Every structure is written in C-alpha cells, then in structure tokens.
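Here TrEMBL flags B:12-40, B:60-80, B:110-131, B:151-172, B:179-205, B:225-249 as transmembrane segment.
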Amino acid sequence: MTGGDASRSHVDVITIDNLVKRRGSREILSGISFRARPGRVTGFLGPNGAGKSSTLRILLGLDRATSGAALIGSVPFAKLPDPLAMVGAMLDGPGAHRARTGRAHLRWVARSAGLPRARVDEVLEVVGLTNAASKRVGAYSLGMGRRLGLATALLGDPEILVLDEPVNGLDPDGIRWIRTLLRERAASGRTVLLSGHLMGELAETVDDVVVVNEGKVVADGTLGEVTGAYRTLEDAFFALTTGAAS
Amino acid sequence: MRALAAETSKLASLPAVWIATAAGVVVPGVIAAITASAALGAIDRGPAAIAAIDTGYQELAFGVVGAIILGVVAVSSEYVTESADSGGGRQITTSLTAVPSRLRFLLAKLSAIAISSAMLAITAAVTTMGVVRVVLGEHAPALGADDVPRLAGVACYWVYSALLAAGITVLTRHGVVPLAVLIANTSVVSVTYLLTKITPLANYLPDMAGVRMFIRKLADSTAEISPLTGGLVMTAWVTVLLVTAAISFTRRDA
C-alpha cells in the first residue's frame, strides 16, 4: 500500500544515495544506496559493524559522510524546519542522561519543539512508562530504556520513524507491542525504517528489506524478494552476509 | 528560543547543577563567615586593625568554583555514556536530533549557562556580603557607589569562568579533566598565580586578569592591571576559546 496523498509520500521518502564514510584509512561505508518508502516498514539488516549505525547517524546529521547524500524527502535532516514533527529517532539507547528522570528527559525534548507538557504524559502512556516516569533513567532496565527512546521518538508524532535495534532487550510482550505499533504507523501511510540483526523478530514486522555487509548493500527488495529461495529471512541473511549457501 | 528553553530545562533537571549552585553559594558564604570572624577578633584586640578592602570579594573569587562546575557539567552531561544495560547511548544524540543546527544548539547551551551563572553570581554575592555584614556589624566596610562596578565585575567573572569551563569541555567532550584542573587551580594550588612569580605575562591569563575586575589588592601583584583592562583581557580569552570550540563542534562527528 502507498498510503497518504502524493505530496506527502514524496516528502516522507528516505533516500540514501551512494554514501561513503571513511575514518582514517578505514572505509566504513562503501557506497550505500536505498530508499525507505511511506506506508512500509523497511528493515535495514546486517551483522554488527556492517555500517547500519553509521548510515543512520549520517541520515540524522550526527556524522558527516565522506561523500554521497542522505535525504528526508528532498532535504538533509539538518535542514528540516520542524525536525521532531518530521522524524522521530532512537539510536543506541534512549539518549537520556542517567541522572534525570524519564519525565524530565521527555520534557526538555518537548520544549525544544514547542510541544505541550500534556504530550509528554501521552507518550509515557503509549509506551507504558507512566509508573516509571519519576524514576531516574540510570535505574531503568534495557527494555525500559528502549521504551523511553521510543517515547522520545514518538513525541512529535512524526511522519517518519528511524529506529536502531528497537527490539533489543524487549521481552516477548514488548516485541509484540512494538511490532503492532510499527505496523499501525505504516498502515496509516507513514515511513518506518528500523535496523537490526535479530532476524526472527524482524521477519514478521518488515515489508521491505535492505541487507548490508561490510559497508555495502548486498540485497534490497520486498521481504519475499530477499527471502527468495531460502526457507526463512534468517537463512537468506546468513547466506548473504557470510557468502555460504545454506 | 525553543532551543534555549530546552537547555534551561536540562540544567534545571540535572542534579549536578544543583550541586554546582550549592557550591557557588555555600563556599564563599562559609569562607566569608570564617575570615570575617577572624577579622572581628583582630579589630577587638587592636583599634588599628580594620576590615580589608577586599572583604567579601576575595571569597567570591573562590566561589567561582560553582560557576565552573555548572559550565563543565552542562556540557559533559551531553557526553556521559549511558549504562551498557540501556544501550550505551549519549544525550548529545537526542539533543542534535531535536535541534539539528550545531551552532544554534551551542548558542542555546552557552546562553543558558551564561544566564544561570549570572543568577548564581548574584545570589552568591548577596549571600556573601550579607554574611560579612552580619558578622562584622558596624566594622563591615560600607557598600557604596564604588561597589556597583565591582559587583558587576563579580557577575562578569563568574559568567566568563562558566563559559570558559564549558568551552574547554566542548573540546574535551569529557568532564573529569577540566573539572579537576579548573577547581584545583581555583582552590588548592593556583597554577596561574604561581606562574605570575615566573613571568609577569601570566597576569594576563584569564583568571588572573579577570579577578582584577573586582579585587583591588592582589597579594604580591607583579603587574598593574586596571579593572577595565582585566575585563577586556578575559573577554578576549573567552571569545577565542568559544570560537575554537564552535569550529570544532560544528565540524566533527557528534
């Protein structure tokens, strides 16, 4: 499905165009290109160190590409007039200071976007952290940290979600909950890009799959296309990233 | 303005900032109480003794540790790594996705630091001068028109010190080293003061020049610097450091 009107679906496309990133003499990304489209959940998969996080960091303007471009619609993330309303992101953990309470963290993020305080309580409710909102982030479990990161990403009710390893540390209930949440967002015509290496959990969530290995895209297509002749996405993934046919 | 509101909110909800505030008010207040009591004892023993011209101001020169802690933790808190349990992320990621313009983020952060350290300086000055007045009573040096520019100098010194501390921490991206070095230099062993014994040029280091804005009788001074010159010298240091920090911050990977 391609939900939303034509202009919106244009604005919501994530375009990664021939990204190259070098650190010293090491090439981390060697020309990564793909798109994440509205109305679909795109899984960005690869083993640790394949270049997933680097790509997402460049997309969010945190790191600079050596060459190539990463665009939200037709502009780089840093040029978005109202970034939180356009893109909600979670990279490695909630990105919250451990001495602050979960609520205080969400409050400063809300203030940066001019969002009302009531919105903080809404997202706390959505992710199920209302009762832990007054606890310091340092006392959160891995799963609670993920939920706080998701709450931060959802604050601006964004058109696009970019989530790095969102299911890491969630219990089966949490995984089921996030899967439903992401499916609902895609069904309403929004764009979801998530990275991960846990194939089992992701196969039931994603529509499109981009597989990276050693800084290169090794497969890009719908879930069916990428799984192809293999029994499962997991089999396809290992075949693609280790070069061994299963 | 939204970015500034966010930075103010961050400072207010960070426990380390409240420690900095407490240090900024308690340190000069307590030292003032001790030195004023000692001065009162001397006055009671001999009529020749009078309270020194820098009573209260000397103490406020030490109290600047509060502003330094504030400046360091405001920046270092962005770079503290979360526990591995919760993913090992850092707050700077969230900050720059909320305010993607590096320059706007940094300006908002520095403005929040400047505003809060100015408020802290005013609170500390009122407290310290109040303590001096309570302890010395009629022997306290009278506060007059001359004290207006001096107290303004105290506020300026605190704001500049906080900004210097913040600028250094932007460059180090870690709070421990700047915190240890700057606090030690202010309280335990003033390296910059010792350097003035070796070369008079050291009088133009930021802290040595900056205190001239409000300290009138510097012990064993090796150079005459007017309050205005002192202020301008410190302004130059702050400007150079913040421009360097901004260039580094806008160019490197977060």
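Backbone N, Cα and C define each Cβ position, glycine as well.
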Let me check one thing: do the transmembrane segment (B:225-249) and the transmembrane segment (B:60-80) come into contact, meaning three or more Cβ pairs under 8 Å with sequence separation of at least 6?
no
Go through B:12-40, B:60-80, B:110-131, B:151-172 and flag the stretch with the largest number of C-beta pairs under 8 Å relative to the transmembrane segment (B:179-205).
B:60-80
Contacting positions for the transmembrane segment (B:151-172) when only residues 6+ beyond its ends and CB under 8 Å are counted
24, 57, 60-61, 63-64, 66-72, 74-76, 106, 109-110, 113-114, 116-118, 120-122, 124-125, 178-179, 182, 206-207, 210-211, 213-214, 227, 231, 234-235, 237-238, 241-242, 244-246, 248-249
Residue list, the transmembrane segment (B:60-80) vs rest of chain: Cβ under 8 Å, 6 or more residues beyond ends.
7, 10-11, 14, 16-17, 19-25, 27-29, 31, 90-92, 95, 109, 112-113, 116-117, 120-121, 124-125, 128, 154, 157-159, 161-166, 168-170, 173-176, 178-179, 182-183, 186-187, 211, 214-215
